[in-house]
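Here is what TrEMBL records for this protein:
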type	residues	note
REGION	29-52	region 'Disordered'
TRANSMEM	64-84	transmembrane segment
DOMAIN	64-527	domain 'Major facilitator superfamily (MFS) profile'
TRANSMEM	104-124	transmembrane segment
TRANSMEM	193-213	transmembrane segment
TRANSMEM	219-239	transmembrane segment
TRANSMEM	330-352	transmembrane segment
TRANSMEM	372-393	transmembrane segment
TRANSMEM	413-431	transmembrane segment
TRANSMEM	443-462	transmembrane segment
TRANSMEM	469-492	transmembrane segment
TRANSMEM	504-525	transmembrane segment
Amino acid sequence: MVSPTLPDPEGHPPGTFLLTRVSHNESGTSAEGICLQPPPMDDPNDPLASRQSTQNWTSWRKGVNWALVFGISLVIFTSLSIQTNFWVQMSEDMNLTYEQLNDSLSANGAGCALGCVFVIPFSIKYGRRSTYILTTAVLAAVTWWSARMTTLTELYLTNLLSGLAGSVNETVAQMTLADLFFVHQRGTINATYLTAVMMGSFLTPMAAGVQASNSSWRWSYYTLAICLTVLLVVFIFGYEETKYVPVISGGRPIVTPAVVADSEGSAVGKDSDSQKGMAPVLRTSSTAAITSSAIPMNTYRERMRWTTTTPESLTKLFYFPLYTNAFPHVIFASLQYASGVCWLVVMASIWSTVTTVPPYNLDTAHLGYLNVGPFIGNLIGSFYGGVVSDWCVRFFSRRNQGYYEPEMRLYHLLPPAFLMSIGLFLSGFGLEQLWSPTMLSFSGGLFAFGLGAIGDAAFTLVLDTYEALAGECFVVIAFWRNIIGIGIPFAVTPMINIGLTNSGIIMAVISFVISILFIPMIIWGKKFRTSNGPRYFQLIEDQQKHFIGGRH
């Protein structure tokens, strides 16, 4: 597969393309096919290659790779989330105040903000595999250190380093998703990624809290360190590079027929009736691809090579994300993600501060149990945002003469926006009214449902619109999410002081105002893409002046 680096020959803005096509046979019946976007290359080493050969990337190979991404995402977000559950024990063991523990989260946020900026350019130029392995190794080492830390300085340093290593996951996972899956699959697959994120944010911290209650917080870190070490070994020997660089020959642009998928998503043959009369799809390599019969399948050693290098300018890759910061769809996704994670951190910090003192007096284990509701809510919300999003894409594209518009992924977001705000209000109101922990967990579940659904839609929206600059776009999204996260811990104490109900109202109102920005995106999103289209294609051309073929 090659990213769309040239303007659409039919004059469509970035993100608009033919997704569904109805073919008619001689008997008068019709059948619908999904046009595979991006079009796969005729190369057994392309992760998106059509499944006409057992040598190609089969579903199980993709599944193994994505399972590893799922696993490392779960463990990384566990490492970023569990510490608040240990505050009671850490305060006594390390002689720290809750204010010092809360401030240490800002060091973690600073690490997250810097990590994606400095690491992702290397992932674009040298491949995903080395990024996953190096960051997992660093995080494993830091987690072993965390289990033995005794001073406030060590707490700040371990939080900073874990943020640096863990932050890249958000961006490189989206790049991997774009490497492996077609547009009509991405909403559902993104739901699995967000499920891993929320399992790491809610479910495993609950288990860690129980373990800490039965032994100590240090043993919870030891357990996490063991998991990271095992994952590191599995990544070294089991994770295949997904960055694809096509084999090239000659010096002319290539035009290939659009590929149509059957009802199961498999590519049909080139002579299929469903392809007759279809418009060709311009492949964006500046040279012609060699046919699959002349391309050997990479050996195991080649698939496990340390780097897959392409000749982009590394210097440009460091500042190129700044240019995507002006794209409205990137701004929209940044706001949605930063807002959601902001309230998630605030809610977790307030829960940890308020419920561990009278009248609640929750211990480490019961504090972890509060995460049950948010986990269930986010699990449902992620699949609502993913599965329903993919259904909306197919449904509305059929009613748009088969053409897909990225804003179609936003049509179902009003219920999540309402529930997210209601959950935030009830979380503050319930604490002030001394609701039971079960009801507090339920309010967190309402919030998490909205977080999962809106987050899935926003991520996939950007991925589908600016796929050729996906890495750069998600660097910006992760940067703003983490920059805002640096200051959030300092706001927790003032929010508690003004009253928990008042805090709930403020959070709910701000959250709803930000969430319903999907309405202007539905109305004017295509105009935004049209006006920014020339700039988008110019950026890709500037970036790839010295790059022959492939995608980053």
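Just so you know, glycine gets a Cβ as well, placed from its N, Cα and C.
When Cβ-Cβ distances below 8 Å are used as the criterion, the transmembrane segment (504-525) is approached by residues 328-329, 332, 335-336, 339, 343, 346, 405-407, 410-411, 413-414, 416-418, 420-422, 424-429, 450, 454, 457, 461, 495 of the same chain, each at least six residues removed from its ends. Taking residue pairs at least 6 apart in sequence, the transmembrane segment (372-393) and the transmembrane segment (469-492) share fewer than three C-beta contacts under 8 angstroms.
Against the transmembrane segment (413-431), stretch 443-462 shows more Cβ pairs under 8 Å than any other of 193-213, 219-239, 330-352, 372-393, 443-462. Counting residues 6+ beyond its ends, the transmembrane segment (219-239) has Cβ neighbours under 8 Å at 64-65, 68, 71-72, 75, 78-79, 82, 86, 129, 132-133, 136-137, 139-140, 143-144, 146-147, 208-209, 211-212, 304 in the same chain. Across 104-124, 193-213, 372-393, 443-462, the stretch most heavily in contact with the transmembrane segment (64-84), judged by Cβ pairs under 8 Å, is 193-213. Here the domain 'Major facilitator superfamily (MFS) profile' (64-527) returns a mean pLDDT of 84 for the predicted model.
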